[in-house]
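Below: the structure, in structure tokens.
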Amino acid sequence: MTQICLIRHGQTNWNKAGRLQGQTNIPLNEAGRKQASECRDHLSGGDWDVMITTSLDRARETGEIINEKMGLPMEVMDEFMERGFGEGEGLTREERRASYEGFDFPGMETGNDLTNRIMAGLAAILQRYPDKRILLVSHGGVIAAILKLFHLDEQQEVKLFNGCINNLHYLEDSWQVKGYNVVDHLSSPGA
């Protein structure tokens, strides 16, 4: 069985301000570094094989902090980079509501493109790491899409806290969600 522990990156100043980050490269803030440290302390006793992050600083730094005590091989897979939100990136919730109807912005990555990118990434993980235990630091939009693909009603709103843990298992040719938005390890779950 291949097991993936999906971790949402720690908080950034844009998360705190309610700004849509997308693929804009925003670093962790102090609260985000603390969340990553709490994830590290929670996960460091596990028998993990590899750490995967995206190239965006907030995911990479979260992964590096978690990996400090484990010393796992690290790999960057941008198949799990946040969805591109086009002109919506950098806007607060209020600014998005005032300027756009719904959650559709010019230049935004389509849902089909996002799904295809994620599925290609999951297929690559299965090929490279069969029957391994993987830590994967990713982004709220990507993790929500994965949860909807394999577990949740597509119409259900998914709220994921920074630093949350979600578990995905591949067994008998199917993905199963085994844990969703777990935050027990965080002293103060945030955005």
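Note: Cβ is positioned from N, Cα and C throughout, glycine not excepted.
Quick look at what TrEMBL lists:
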type     : residues                                                    : note
BINDING  : Arg8, His9, Gly10, Gln11, Thr12, Asn13, Trp14, Asn15, Arg58 : substrate binding site
ACT_SITE : His9                                                        : active site, tele-phosphohistidine intermediate
ACT_SITE : Glu82                                                       : active site, proton donor/acceptor
| field | Neighbouring C-beta atoms (10 Å sphere around the C-beta of Gly10 (substrate binding site)) | value | 30
| What Cα-Cα separation, expressed in whole Å, is found between Arg8 (substrate binding site) and Glu82 (active site, proton donor/acceptor)? | 11
| Pairwise CA distance, Trp14 (substrate binding site) versus the residue listed as 'active site, proton donor/acceptor', rounded so that it is a whole Å | 14
| field | Thr12 (substrate binding site) - helix vs strand vs coil (DSSP) | value | strand
| request: Quick one: pull the CA-CA distance for Gly10 (substrate binding site) versus the residue listed as 'active site, proton donor/acceptor', whole Å only. | output: 14
| task | Give me the Cα-Cα distance between Arg58 (substrate binding site) and the residue listed as 'active site, tele-phosphohistidine intermediate', rounded to a whole Å. | result | 6
| message | For the C-alpha pair, I'd like the distance in angstrom between Thr12 (substrate binding site) and the residue listed as 'active site, proton donor/acceptor', rounded off. | response | 14
| field | Residues satisfying Cβ distance under 8 Å from Glu82 (active site, proton donor/acceptor), sequence separation of at least 6 | value | Gln21, Gly22, Gln23, Thr54, Leu56, Ser138, His139, Gly140, Gly141, Val142
| Can you check what DSSP calls Glu82 (active site, proton donor/acceptor), collapsed to helix, strand or coil? | coil
| task | Around the Cβ of Arg58 (substrate binding site), how many other Cβ atoms lie within 10 Å? Please give the count over every shown protein chain. | result | 29
| query | What same-chain residues, at least 6 away in sequence, bring their CB to under 8 Å of the CB of His9 (active site, tele-phosphohistidine intermediate)? | reply | Leu28, Gly32, Ala36, Leu56, Arg58, Ala59, Glu61, Thr62, Val137, Ser138, His139, Asn162, Gly163
